[in-house]
């Protein structure tokens, strides 16, 4: 026998959780695209130096955090859609939600913080060496670093809200 249909507040909460999972994935995908395509060519004294995001360790960490977060978001999106369609939640999903949301949210938050920190430090160092204006390609490189870090921050906010809901669900379950 099928479970009774959920009450309207439970449906709207499930829709909110689904929306937050989708937003998390979207923020992480856009951050990945911006970060992975971030490069600049610096011409100095007749020689050109190609500088990629992967030349900065903190940007690599950001990329790793975004990839791991995206994999988790896709897995959770699958489970959320499955639960939404069937109306039944696997007991294992409570623990996955509880621990996974917390772990991945902190990973994404530290990726964002690393991105903001290294971008500011590198930009300040570069400004001390060379006059930089907003049309300079190097400034665009740093702006993309800030954009990626901002998107990771937005993904963290979504994951933090999801973490609060998963804490309530875990407490309610026990």
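The backbone N, Cα and C atoms fix where each Cβ goes, glycine too.
Confidence annotation: the topological domain 'Cytoplasmic' (1-14) carries a mean pLDDT of 66 in the model. Look at Swiss-Prot and you will find 1-14 (among others) tagged as topological domain 'Cytoplasmic'.
For the topological domain 'Extracellular' (36-60), same-chain residues at least 6 beyond its ends with a Cβ under 8 Å from one of its own Cβ atoms are 114-115, 117-118, 122, 137-138, 140-141, 144-145, 148. Taken from Swiss-Prot, the feature topological domain 'Extracellular' covers 36-60 (among others), and the record attributes it to sequence analysis.
Residues or ranges marked as topological domain 'Cytoplasmic' in Swiss-Prot: 82-97 (among others).
Residues 31, 34-35, 37-42, 51, 53, 56, 59, 62, 66, 111-113 of the same chain, all 6+ positions outside the topological domain 'Extracellular' (119-150), place their C-beta atoms under 8 angstroms from a C-beta of that stretch. The feature topological domain 'Extracellular' is assigned by Swiss-Prot to 119-150 (among others).
Taken from Swiss-Prot, the feature transmembrane segment applies to 15-35 (among others).
Residues annotated as transmembrane segment in Swiss-Prot: 61-81 (among others).
The transmembrane segment annotation in Swiss-Prot covers 98-118 (among others), and the record cites sequence analysis as its basis.
Annotation comment: Swiss-Prot describes 151-171 (among others) as transmembrane segment, evidence class sequence analysis.
Residues of the same chain lying 6 or more positions beyond the ends of the transmembrane segment (151-171) and with a Cβ under 8 Å from any Cβ of it are 13, 17, 20-21, 23-24, 27-28, 30-31, 34, 62, 65-66, 69, 73, 94-95, 97-98, 101-102, 104-105, 108-109, 111-112, 115-116. Helix, strand and coil counts from DSSP across the topological domain 'Cytoplasmic' (82-97) read 12 helix, 0 strand, 4 coil. Remote same-chain residues near the transmembrane segment (61-81) are listed as 14, 17-18, 21-22, 24-25, 28-29, 31-32, 35-36, 53-54, 90, 93, 96-97, 100-101, 104, 107-108, 110-112, 114-115, 148-149, 152, 155, 159 (criterion: CB distance under 8 Å, separation of at least six residues from the stretch ends).
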